[in-house]
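J.: Before I ask anything, let me first share the structure, which is written out below as structure tokens.
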Amino acid sequence: MRTVSTVAELRAALPREGVGFVPTMGYLHRGHLALVERARRENPFVVVSVFVNPLQFGPGEDYHRYPRDLERDRALLQEAGVDLLFAPGVEEMYPEGFATRVQVEGPLTALWEGAVRPGHFQGVATVVARLFLLVQPQRAYFGEKDYQQLLVVRRMVRDLGFPVEVVGVPTVREEDGLALSSRNVYLSPETRKKAPVLYRALLAMREVAGQGGSVAEALRAGEEALRAVPEFRKDYLAIVHPETLLPLSDWVAGARGIVAGRFPEARLIDNLEVYP
């Protein structure tokens, strides 16, 4: 595996076609490696980027303390069979005078994470667009754990005509259901035991749906599950359309349960298909 940190080195190292791309912010875990494994199976050449993107963090968020360990990441990617690691600095990605932003409009970015974290998806769309232009992948891999982000990237790709297939990969979970996240490292041992409450709320909603209950009944079951852990401060719990993310009052195929909120040490999000 080769590691490069500049745009010039990246361009010199890329093949002309057959690139599968996994953009990350580093501090890799099994969820990231599932993306890499899928990319490795489906593409002759695999590129991974590690870049903690300042544009997607708001004031008071965890940009400066976001976990970083490039040497550990490099070892994991080498073992996973990655061909090229692109690990640029901020100045390389956003040179002095960089003034362009990419904005996906509408409910996809206005609701849920977009409402709680203003400007977040503009930062995501900007960095992903720049990375796509630099790496020129045929396929790019994103985890379903960040489901709203996946839909935003797909919309940007459709609207701007990027010749990239955006592949969603199912969420990887711990044995107790907690979705893997680099931010889980923030959790104290006591909070870690309580963190699967997000997944339990989603399962409760799916169970009600499976028994023929209404959307309203499913939401009540999810809320009840969350109340069992008073330390968790909910930002939102909803059942939404799987493509528009608009809240539902009646079931549709693929309806998605989404949940987010804060523990004292960290903010967590999760989602699950609750109606097949």
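Cβ atoms here come from the backbone N, Cα and C positions, even for glycine.
What Swiss-Prot shows for this protein is this:
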- H32: active site, proton donor (ACT_SITE)
- 25-32, 143-146, V172, 180-183: ATP binding site (BINDING)
- Q56: beta-alanine binding site (BINDING)
- Q56, Q149: (R)-pantoate binding site (BINDING)
J.: Would you mind reading off the Cα separation of Q149 ((R)-pantoate binding site) from the residue listed as 'beta-alanine binding site', to the nearest angstrom?
T.: 11
J.: 10 Å Cβ neighbour count around V172 (ATP binding site)?
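T.: The answer is 18.
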J.: Here the binding-site residues are Q56, S182; which one has the lowest number of other Cβ atoms no more than 10 Å from its Cβ?
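T.: Per-residue Cβ counts within 10 Å for the binding-site residues Q56, S182 bottom out at S182.
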J.: Distance between L28 (ATP binding site) and Q56 (beta-alanine binding site) at the Cα atoms, whole Å?
T.: 18
J.: Rounded to a whole number, how many Å is the Cα of S182 (ATP binding site) away from the Cα of Q56 (beta-alanine binding site)?
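T.: Here the two Cα atoms are 15 Å apart.
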J.: May I ask which residues of the same chain, at least 6 positions away in sequence, place their Cβ under 8 angstroms from the Cβ of E144 (ATP binding site)?
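T.: Same-chain residues close to E144 (ATP binding site) (Cβ under 8 Å, separated by 6 or more) are L150, G168, V169, P170, T171, N271.
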J.: List the same-chain residues at least 6 positions away in sequence whose Cβ sits under 8 Å from the Cβ of the residue listed as 'active site, proton donor', in sequence order, or say none.
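T.: Result: V22, T24, G143.
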